Amino acid sequence: MRRKLVSSPTTTYSSFTSLNSTNFQPALNPNDPFYHFLAPPADETPEQRFAREQSESDARQMSEEIDENLRAEKAVRRRRRKPVKVLLLGQSESGKSTTLKNFQLTYAPKAWEETRSSWRSVVQLNLCRTANAILDLLGEEMKLQSSALSSSPSLRLSDAHRVLCLRLAPLRHVQRALEARLGPGVDEASPSPIGSPVGTSSSVASSSRLDPQEFFVRSNSGWKAAFERLRGEHVRTAMAGGVQTDDEESTRVIAGRREELGQLWRDDAVQEMLERRGRGRGLRLEDGGGFFLDDIDRIAVPDYVPSDDDIVRARLRTMGVQEHRFVFERGSEQGQEWLMYDVGGTRSHRAAWAPFFDDTNAILFLAPISCFDEALAEDSRVNRLEDSFLLWKAVCANKLLARTMLVLFLNKCDLLERKLAMGNVEFRRYVPSYGTERKNDAESVTKYLKQKFRDMSKQYSPEPRGFYVHLTSVIDTKATAITLGAVREGILRDHLRGADFL
């Protein structure tokens, strides 16, 4: 509220100017270089002087109010809780991005809802990419059969399969269009959605790349930047008067091929071909990230809107370190800001981890345990489970992380149970230290792995630290929400203790 400079109708102009000159107007020094700019006009009338001095007083009052607001904002920033900084570490395809999406779904639902429509393009891209990979395999088999060189003479392929391939050919254009809209970039070292195990010198199964190129987002802000582009496209289209967008065109084509997509996935010869390519050794197309062929009838429709489970399962690969900011929208931590960093898991990206270790509150380390019989995509000589052991050892031994809380997720437990239940693969074959006395089931294997990681933490940590481990299947949103609740509570308790609030 501004001061009243004229307190009553009886206040005279001379008394006001005296008050103003005494309390507000600084003395002007003729030697001051700004004297001629600040000095009042020589021919100024009393009325002009009154107006000028009142204007100067008002400006001074406004300046004081602004200064006071700035001081108040600075005090609020000082009192504001320091953000919680969490790193997600683990090899490529360990479930880091899926875990991050679960955090957003559980604790920042408004921000989650804002991106829902944008994930439709990602789900459609996953669907098209998987279907096109199967079509590539089918084309190879038909070419071999026609040249009498087929190694699979019992596959019942006919002209109907050729017609099916032609009918689904537009999906290749849709895939390219979706990739162009989300952002440029192809990584030659990334895995294809399907493949077959290949024996190596160490008897490790690896994925034979049907298509070695997988689309990824290059931007440092990951899928957020891609979604901003999609929203901008919708806004420009709306301003243009409702012209059909590329998104609507892609949706129309996919919906128009729903019947053929169903025929492709349910075809007996196609299923037999996929069985030979990978299922016999425990690798299934359905177990890979971004698989949606089982949901064709629900997804290949004009008005498709992704569900929460669809978004969590959708795969959009990002390159480099991705920073994600969450402001908790519910619970006792409402308003608390979290910074989560999803760092690249391939070997070429691990050198970028160290700079993010400083001032980290917690590390969520994801070790996919279902891939005990698989090799790294970037080095077929290295077993994926053994790679997780080496990474965990390095993280535990790092002196920069001596006081950092480590939380271990033994992930993909559902796939582990399914693989061992098939009965045609033995865990001990790939992990000799497992021994011959333990059972070849998920319960015994997970118990062994928990103890294995615990012993490594105790052996290599520079200082004694707690061991926090969770058995997870991060595509299960409900179960993961419960796990994240326990993790969140532990991280916040440790964070507040470090800030001397506890």
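Including glycine, each Cβ sits where the backbone N, Cα and C put it.
Predicted, not measured: the structure shown is a model, and the values here were computed from it.
What TrEMBL lists as region 'Disordered' is 1-24 (among others).
According to TrEMBL, the feature compositional bias 'Low complexity' maps to 7-18 (among others).
What TrEMBL records for 184-206 (among others) is region 'Disordered'.
Summarising the annotation, TrEMBL assigns compositional bias 'Low complexity' to 195-206 (among others).
Neighbours of Thr318 (Mg(2+) binding site), defined as other CB atoms within 10 A of its CB across all chains, total 23. Annotated Mg(2+) binding site per TrEMBL: Thr318, in sequence order.
All chains included, 25 other C-beta atoms sit within 10 angstroms of the C-beta of Lys412 (GTP binding site). If you look up TrEMBL, you'll see Asn411, Lys412, Cys413, Asp414 marked as GTP binding site.
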(request) Taking the recorded GTP site as Asn411, Lys412, Cys413, Asp414, identify the other residues of that chain whose CB atom sits within 8 Å of the mean position of the site's CB atoms, giving them in sequence order. (result) Gly95, Pro368, Ile369, Ser370, Leu410, Leu415, Leu416, Leu471, Thr472, Ser473, Val474
